[in-house]
Amino acid sequence: MSTWGQINLMDPASPIQMEMMLFHDHAMAILIGIFTLVSLLGVKLCFNTLSTRTMHEAQLLETLWTILPAFLLVWLALPSLRLLYLLDEQGSEGIILKAIGHQWYWSYEMPSMNISNFDSYMIPEEDLKPGDYRLLEVDNRPMVPYGLDINVITTSADVIHAWALPSMGVKMDAVPGRLNSMGFHANLPGIYYGQCSEICGANHSFMPITVEAIDVKDFIKMCN
């Protein structure tokens, strides 16, 4: 999860989030190169006292500043399209976890595993135990097996919410009367935190999302 003074993305816990981090680094490298080039040209322009009034065209220069930006855009677009395709395909055939947004808590069910609907409320600050995280702990968190695909289906019982789990690379709207679907694949066991990412009313900040990834054998025992 995020820590104090963090300047980068959260540590990835799923393949798709790892791909997102690589794409972020790829895009940042291009942006830093553009920034450096423009800065050097700006400094050169500021300190250059020479000028020419006889040159009316420079076809080579015009060709370069047309082709180079087009090349950079293609270099940025190709991995972006690949990542977009992976996001759409991830977890579509996995175990179904249904998340229903309410003001201001989440309820979950796993129909394919015979886990009926249960509510997940934030634990008040005065009830936290040592080591718990403020505004992130819940009284009843969904369990999922790590190493298997999970297909999250979201909807809402009232207003628009957003179910987000940053370390898994998941964020999607929960809209009343509509089912949205997105998948993730937990690489490691652990507890993963998120929050509602759509302003949904007075207690929007008190609507955490906590998912625990456990071993497949333990998950089967829990379901039985």
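A Cβ is built for glycine as well, from the same backbone N, Cα and C atoms used for every other residue.
Because the structure is a prediction, the values reported are computed rather than measured.
According to Swiss-Prot, the residue from Met168, Met207 that belongs to the Cu cation A1 site alongside His161, Cys196, Cys200 is Met207. Cβ proximity to the Cu cation A2 site centre (mean Cβ of Cys196, Glu198, Cys200, His204, cutoff 8 Å) flags the following additional same-chain residues: Gly101, Trp104, Val159, Ile160, His161, Ala162, Ser197, Ile199, Gly201, Met207.
Using the Cβ center of His161, Cys196, Cys200, Met207 for Cu cation A1, the list of other same-chain residues with Cβ within 8 Å runs, in sequence order, Gly101, Gln103, Trp104, Trp106, Ala162, Ala174, Gln195, Ser197, Glu198, Gly201, His204. The C-beta environment of Glu198 (Cu cation A2 binding site), restricted to residues of the same chain at least 6 apart in sequence and closer than 8 Å, consists of Ile160, His161, Ala162, Asp173, Ala174, His204. DSSP gives Met207 (Cu cation A1 binding site) a coil state; it is part of no helix or strand. DSSP assigns Cys196 (Cu cation A1 binding site) to coil in the three-state reduction, placing it in neither a helix nor a strand.
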